[in-house]
2 protein chains.
Amino acid sequence: MDNRPIGVFDSGVGGLTAVRRLHEILPHEDIIYFGDTGRVPYGTRSAETILKYTRQDVRFLRKFDIKAIVVACNTVSATALDIVANETDVPMIGVVWPACAAARAATKTGRIGVIGTPATVRSGVYDRMLKAADPNLAVFMQPCPLLVPLVENGRVHCGDIVAETVVREYLAPIKAQNVDTLILACTHYPLLSEVVAAEMGENVTLIDSGAAAAESVRGMLVPAEERQGKTRYFVSDDPQGFNQLAPGFLNGSLDFPAEQVDIDAY
Amino acid sequence: MDNRPIGVFDSGVGGLTAVRRLHEILPHEDIIYFGDTGRVPYGTRSAETILKYTRQDVRFLRKFDIKAIVVACNTVSATALDIVANETDVPMIGVVWPACAAARAATKTGRIGVIGTPATVRSGVYDRMLKAADPNLAVFMQPCPLLVPLVENGRVHCGDIVAETVVREYLAPIKAQNVDTLILACTHYPLLSEVVAAEMGENVTLIDSGAAAAESVRGMLVPAEERQGKTRYFVSDDPQGFNQLAPGFLNGSLDFPAEQVDIDAY
C-alpha cells in the first residue's frame, strides 16, 4: 500500500477531465491538483516558455510527498515532458501515449485525426508516436487555437453558431480524410464533445486524452489502502473563478475549495 | 530637451496600437516597449494577479533611464495603475482618462458605450470617471472576453462569421441603448474596428484608447531633440510570434527585432 497522493497538473482547468476519471477508477487515492490559471493558456506559447512553466509546476507538486505526477496537459506532454521527466525522480505520466494507445485500439481503418493546441501540433509528437507503433497508420493533425478560449467562455453546446462554426472550420480538413478516430489532444476539448461529435458523425470515435491518461495510471502505481481519497486543488490566480468552473469539469463538487499558489516562487 | 526614452507596456501586442500613434505624433522620441506575451491575456485574471504582473513590468522598464511610462493596457490602467503609480517616481500615463476625454469630446447625445475585458468592466472605472466628469452622461459597459483571442488569431475582418457573430452578440445590449460613441477600452480592439464599425453603423464614433493615450502624452513630456527616434521591443515569450504580428499593429516594420526578457526575475 502507498497512501502518498498523486500529483496532477495542467495549464488551467482542462486537467480536471483527468481528475474526474481518476475519481471514478481510483477512488481511494489522494490527489494534489495544480492549475496554472495565472498563466493559462500554454498552447499558444513557445516551447522554451512552456518548459520553464512546467519546471515550476513540477517543483510546486514536489513540495508534497507525491508518488507520481500526471501531466494532464497535452501541450506540456508534447513539448516538455521528456526533458522534465529526466530531471525528476518520481514517475511522470503524460497524456500523449495513453491517447495514442486508446486511438490505436479504437481505429479499424487506421485513419486517425488529432486536434490540439498550436504547440502540441507543432511538436509533431502524435504523428511520430502513432507511426512508430504502426507505420501503416495515416495521421491528420489540425491546430485549433480558439477552442481553449471557447471552452473557458462556456461556448460548448450545439446551437451556438460561434462554437459550431469554429469547430466545423477546424475539423473540415480532418473530416475530408475520412478518419474513423479523432484524438482530442487537449484536456479542454472533452467539454466540446457534443459539438465535435455532431460535426464528425456517429461513426467516428472520440478519444479523451485526459481520461486515457487516468486509465493508464491505474496499472503503474502501488495503490492506496481502501478509504475515501481526498483531492486538494491549487491555482496560480485567484481561486474564485476556478471554484466556479471546476464542478462542471469534475461533474461533482470540490472536496475543498482551491488555494492560491505564488508559482513564480518555484 | 530630454532624450530619455518613453517606456510603454501592455499584456501583449495590443499596446502597439499606442506605439503606432506615438510614432506618428512624436517621431523624435525613443521608445522602450514591453509586451508580456508569456502571460497574456491579463483581462481574464484577478485584480491581485494583474497587480503583481504590473509591478514586474514596471520594474523591468525602470531598468532603462525612462522619462515616463505609458500603460498601453486598459486592464492594467483600470485595476492596478493607481497603486503602482503611487510606488513609482516617473509619470505613468494610462489609457482610461485619455479615452474618457476623447469620448466626452466626441459625444453629442451623452450616451456612451464601453467594451473591454472582464477585468476592465468589473473595475467600473470608465463609468466612475465619465460620470465624475459629467453626471449627465449615460454609460453602458459590456465585457467581451473572446475579442482578444479573436484578434490574436487574426479573425478581424468583415465576412468572418465568427468575428461578426461574437461582435454582434457583445454589442447588442450597447446598440439597444442608442449610444453615439463607443470606447474601445482594450488596445487589441482597434484591430477589429472594421467589424465593430459595420455593426454599430456610421453614426457612432469609435474611440481608440491607445491612440488617445498617445495623444495625451504629447503635452506632458519634455520632448527629445529633433532626430529620428528609435524603438526597442521586449517580450516575455519567444520573440518570433511577436516579430511576425507586430508590423500589422504598427503598420510598419520594426526598427529592431524584439528581444526576450525573463519577466519573473523582476
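Yeah, the Cβs are placed from backbone N, Cα and C, and that goes for glycine too.
Over in TrEMBL, the protein carries these features:
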- A:ASP10, A:SER11, A:TYR42, A:GLY43, A:ASN74, A:THR75, A:THR187, A:HIS188: substrate binding site (BINDING)
- A:CYS73: active site, proton donor/acceptor (ACT_SITE)
- A:CYS186: active site, proton donor/acceptor (ACT_SITE)
Task: Around the Cβ of A:THR187 (substrate binding site), the count of other Cβ atoms that are within 10 Å - done: 32
Task: Extra residues within 8 Å (Cβ to Cβ centroid of A:ASP10, A:SER11, A:TYR42, A:GLY43, A:ASN74, A:THR75, A:THR187, A:HIS188), substrate - done: A:GLY12, A:GLY14, A:GLY15, A:VAL40, A:PRO41, A:CYS73, A:VAL76, A:THR117, A:THR120, A:VAL148, A:CYS186
Task: Pairwise Cα distance for A:THR187 (substrate binding site)/A:CYS73 (active site, proton donor/acceptor) [Å, integer] - done: 6
Task: Chain-internal residues, separated by at least six, CB under 8 A from A:CYS186 (active site, proton donor/acceptor) - done: A:GLY14, A:GLY43, A:ASN74, A:THR75, A:ILE115, A:GLY116, A:THR117, A:THR120, A:CYS144, A:LEU147, A:VAL148, A:SER209
TODO: Compute the C-alpha separation of A:CYS73 (active site, proton donor/acceptor) from A:TYR42 (substrate binding site), stating it in Å without decimals.
DONE: 9
Task: Under 8 Å by Cβ from A:HIS188 (substrate binding site), same chain, sequence gap 6 or more - done: A:GLY12, A:VAL13, A:GLY14, A:THR17, A:LEU147, A:VAL148, A:VAL151, A:GLU152
Open item on the list: Under 8 Å between C-beta atoms and at least six apart in sequence, can you list the same-chain neighbours of A:SER11 (substrate binding site), or say none if there are none?
Closed with: A:GLY35, A:ASP36, A:ARG39, A:VAL40, A:PRO41, A:TYR42, A:GLY43, A:TYR53, A:CYS73, A:THR75, A:VAL76
